[in-house]
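Colleague: Quick one: structure below, then a few questions.
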Amino acid sequence: MDCSLPGFSAHGIFQATPFFISLMLLELVVSWIRKGKPSGGLDDALASLSAGIMSRLPRLFSRSIELTSYVYIWENYRLISLPWDSPWTWYLTFLGVDFGYYWFHRMAHEVNIMWAGHQTHHSSEGYNLSTALRQSVLQIYTSWIFYSPLALFIPPSVYAVHLQFNLLYQFWIHTEVIDNLGPLELILNTPSHHRVHHGRNRYCIDRNFAGTLIIWDRIFGTFEAENEKVVYGLTHPINTFEPFKVQFHHLVNIWTTFWATPGFFNKFSVIFKGPGWSPGKPRLGLIEEIPEVEGKEIPFSSSASQLLKIYVLVQFALMLAFYEETFADKAVLSQVTLLLRVCFIILTLTSIGFLLDQRRKAAVLETFRCLVFLMLCRSGHLKPCLSSSSFAFEIFFSICIAFWGVRSVKQLVSDPWR
């Protein structure tokens with residue numbers, strides 16, 4: 001069985017894409033009606049969607065470690081086989097998966113090397129349904145450990161269903177358009193509870209790790225109710241939309257800190273203690289070192305013009321069509337074609353990040369990307385959804401090459417050393 005976003009099958013997430021998009025559009029409309037403004041910026045939404053896309057790309061070449069490891073343990077080490085068609089097996093699996101998620105999620109905040117993956121999800125300074133899709137490339141390589149004990153007695157098919165349900169449930173709680181849900185707040189993880197989890201206010205740090213049931217936080221002392229205005233994002237914002245920095249910046253920070261920290265045990269602690277730890281501090285660091293927020297913080301946004309943002313949106317939509325087609329047709333595509341398409345998708349996401357960040361080399365990179373697109377189309381590795389539109393695509397991308405090529409030359413002439 002295959003996976004995409006941690007725990008989703010590639011086929012399942014492909015079918016869920018229209019559902020996600022529809023709900024995001026609905027949230028946008030409701031936010032406009034209630035608040036007179038959108039629920040977040042286009043730049044931040046594209047960065048979130050880009051992270052989600054990057055997290056799924058490895059699934060084109062390999063099966064999910066969450067399911068392959070589970071099946072291996074089930075086939076070789078299971079103690080008993082609970083009947084897959086018993087309601088009690090499904091009830092137990094629901095609780096077991098949610099319990100495993102709680103502890104994985106908690107450790108992803110309390111163990112620095114795991115936080116290097118999970119921080120991607122928290123790097124958005126907005127909070128809307130697109131934030132739910134801001135997923136990490138790295139996270140899946142540690143999350144499977146916390147579900148493995150279930151393989152000793154729960155059939156893989158039942159586990160796979162509940163794993164997908166647990167993560168699909170968490171999509172809708174990433175929103176500000178739903179306030180308090182009354183008595184349900186006592187049992188379920190709700191938008192209110194999860195807003196606290198995404199906050200960088202001191203009272204929000206390391207709180208509300210629940211997946212579906214908030215009871216685990218209440219039992220283990222990590223629950224916090226929403227009170228003062230929540231300011232979202234990392235305690236030290238990254239201020240970029242470039243996808244590689246969104247995914248890997250904290251891993252680079254760990255590497256730098258590891259070599260700068262003296263002593264073997266201190267180096268070990270840099271990796272396995274909390275993100276806020278340093279020599280002489282408690283395992284999770286000091287809460288008073290978390291920067292205070294005033295509630296007036298302005299989220300980082302792109303300085304790109306509205307016209308450029310429209311261009312970026314069009315290019316993202318075109319890339320998304322090729323991306324979905326690649327997942328749908330991966331069984332019949334050659335490994336070379338898959339690899340070239342993945343490289344093009346990553347190149348597109350990177351170029352979009354450069355354009356939104358207004359990086360100096362953005363024009364050069366976008367010129368190169370458009371050239372690559374034409375080369376892949378002419379070699380047959382990329383094909384427009386409608387064969388009749390091939391000529392229109394070539395004209396459009398030729399114009400893009402001319403425009404960005406001129407911009408690149410102007411930049412090189414005005415400042416050749418940068």
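Cβ from N, Cα, C; glycine included.
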Colleague: Can you say which of 137-158, 335-356 is given as transmembrane segment in TrEMBL?
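Modeller: Comparing 137-158, 335-356 with TrEMBL, transmembrane segment matches 335-356.
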Colleague: In TrEMBL, one of 307-326, 387-406 is tagged transmembrane segment. Which stretch would that be?
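Modeller: Of the candidate stretches, TrEMBL labels 387-406 as transmembrane segment.
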Colleague: Please average pLDDT over the domain 'Fatty acid hydroxylase' (91-222) for the predicted structure.
Modeller: 97
